[in-house]
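Peer 1: Below is the structure I would like to discuss, written out as structure tokens.
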């Protein structure tokens, strides 16, 4: 294998391990990727195995975790599923879809995963590493671990942490979150549970999310270094809500920073919600305030409502019916409301959902065909084969503009010809990518299969202007910066903040 022959010649990879989940590994990797890019290195992100329903589709149609796609943007390279060779997408009841190198290859229970998938998983990780280095022999891999590297009941079967570190002889950083408390016990406990040869790989410690005067931790820093004989290479202060966690869902949970927002958006909090990165562009709009809708309520206070993607569309539609939210959405539509569904949300807005292969949460024969919300005359059937691809098209509504995004879905949607009273129109020149309906009473119902639709600045502005016109507000001013430019600025600011408090020099040998 190419890599094993060249291992002694490659630039030392940097691996970011954490004392726990949520310690800040993802953002640390993102920051390091951009710092090294700015130093004219060729960084490439890597995470052997990730568990997330927040996915991205690369240019070859391969699925990967969104966090690795974001890290690729920080590196200035195109995302590739090789950067995240194993993606586990939870489906509920301890069952996950298994994706190897971007392609779905089955489902597994948590109990059976390591028994059935450990060996093939390690092979696909090695295959990806080999391919990355063969294509980019001068790159420096920036690797993200997962959770804690010393879960002793799982350590011998852990594909994502120390097994990769030892295989690549990586320079490892241990990141810990001081905001949670117990930082000394976290660091010492993690290191004590490592074997001597594993501990030798740890070249630096980062204290993350420190609040207050950094000089107040000097004594703590000295104690850690004396106790562990490992340098503390960074004490990173608490960074405000400008920088989202890995999947950005936690940021949305507490979103209220634009207190003077003119448009209030409600997002239905589905139990199996997926691809919530679809909302990131809206979070950055100063005119918009986002709130989660978790239970049945009067929806009149919202200027428009988003029904998001779902990993289990049948199951989530049953949730909407059970909670009364389906009824609430119909009432909202009848009262001149604006609703947009994305992927699974589009499917639920239709008249019927059929799941003959039990792909979307059906458990019994009676659940294989259920009614949708009934706001669009569309029928969806879920098949075994999944469609994953990048999209370039042109919108017809609410404006004519070029559109980019991606699709991830098992369902195939077609017009329900039994519902002649519900007239709908295509949103895009590619007719099967989305539909919309204008209500006689006012308001619109729209649905699209395109993830990332709101990243398209012209389309997003015109959709928001449609809502603003409904409220008799002036149209948005012509924008001076695109969403992608804003994302770049956020990544650059993140790297600058980390760079002020981080010393990577000892790891770049």
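Glycine is treated like the rest: Cβ placed from N, Cα and C.
Model, not experiment: these values are computed from the prediction.
Below, the features straight out of Swiss-Prot:
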type     : residues : note
DOMAIN   : 262-459  : domain 'GATase cobBQ-type'
ACT_SITE : 343      : active site, nucleophile
ACT_SITE : 451      : active site
Peer 1: Taking 10 A as the limit, how many CB atoms besides its own sit near the CB of residue 451 (active site)?
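Peer 2: I get 25 for this one.
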Peer 1: Starting from the Cβ of residue 343 (active site, nucleophile), draw a 10 Å sphere and report how many other Cβ atoms land inside it.
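Peer 2: Residue 343 (active site, nucleophile): 25 neighbouring Cβ atoms within 10 Å.
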Peer 1: Take every residue in the domain 'GATase cobBQ-type' (262-459), average their pLDDT values, and give the whole-number result.
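Peer 2: Within the domain 'GATase cobBQ-type' (262-459), the model's average pLDDT equals 93.
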Peer 1: Round to the nearest Å and give the CA-to-CA distance linking the residue listed as 'active site' with the residue listed as 'active site, nucleophile'.
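Peer 2: So the alpha carbons of the residue listed as 'active site' and the residue listed as 'active site, nucleophile' sit roughly 7 Å from each other.
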Peer 1: What does DSSP say about residue 343 (active site, nucleophile): helix, strand or coil?
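Peer 2: DSSP assigns residue 343 (active site, nucleophile) to coil.
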